[in-house]
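Pulled from TrEMBL:
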- 51-84: repeat 'TPR' (REPEAT)
- 85-118: repeat 'TPR' (REPEAT)
- 119-152: repeat 'TPR' (REPEAT)
- 153-186: repeat 'TPR' (REPEAT)
Amino acid sequence: ALETLKMFEKKDSRVKSAAATNLSFLYYLENELVQAANYADLAVNSDRYNPAALTNKGNTVFASGDYEKTAEFYKEALRNDSSCTEALYNLGLTYKKLNRIDEALDCFLKLHAILRNSAQVLYQIANIYEIMEDPNQAMEWLLQLISVVPTDPRVLSKLGKLYDNEGDKSQAFHYYYESYRYFPSNIEVIEWLGAYYID
């Protein structure tokens, strides 16, 4: 894939930008961040209005830890294409890193309007409500999430933990037991169930 894409580097700017965008993403997946950043720069310089190139550039800056600068690249990608879901998702993650929780929630709620059944988006919304210490909203979103991925043991145990914190032992038992059924090796879940049976 890398060799094929490199053949397009010498073409006109739009083709070059598309090839460089894909090369940047491939290098990013291989954790070769210097190469990923170089190709992201080439893609952006070839076509400043390419939202995928700007998103890739944001990804490479995110990996370096400069979250303020990262957010600028994602916002520019969204100015060029407001339906760029990857940029919007990554902007939400960046705001979480910056502890700008309300802005992160806003990003994920916008995404939820576009991607109704995205497990990742539902999880992020639930997680943000948990950070905001609103367990009822967190549980509501996790219940939506298990309607999409009913066999995810981590989501089920998370629901069990939230119900347990709220003092609802029977619901906590139900979700912990379901989690155990799908993944019987989670020590934390086994310990909780053991303590429940002792009680």
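Heads up, the Cβ atoms here are built off N, Cα and C, so glycines get one too.
Note that the structure is a prediction, hence the values are computed from the model and not measured.
Residues 89, 92-93, 96, 101, 104-105, 108-109, 111-112, 158-159, 162-163, 165-166, 182 of the same chain, all 6+ positions outside the repeat 'TPR' (119-152), place their C-beta atoms under 8 angstroms from a C-beta of that stretch. DSSP labels the residues of the repeat 'TPR' (85-118) in these numbers: 27 helix, 0 strand, 7 coil. Broken down with DSSP, the repeat 'TPR' (153-186) shows 27 helix, 0 strand, 7 coil.
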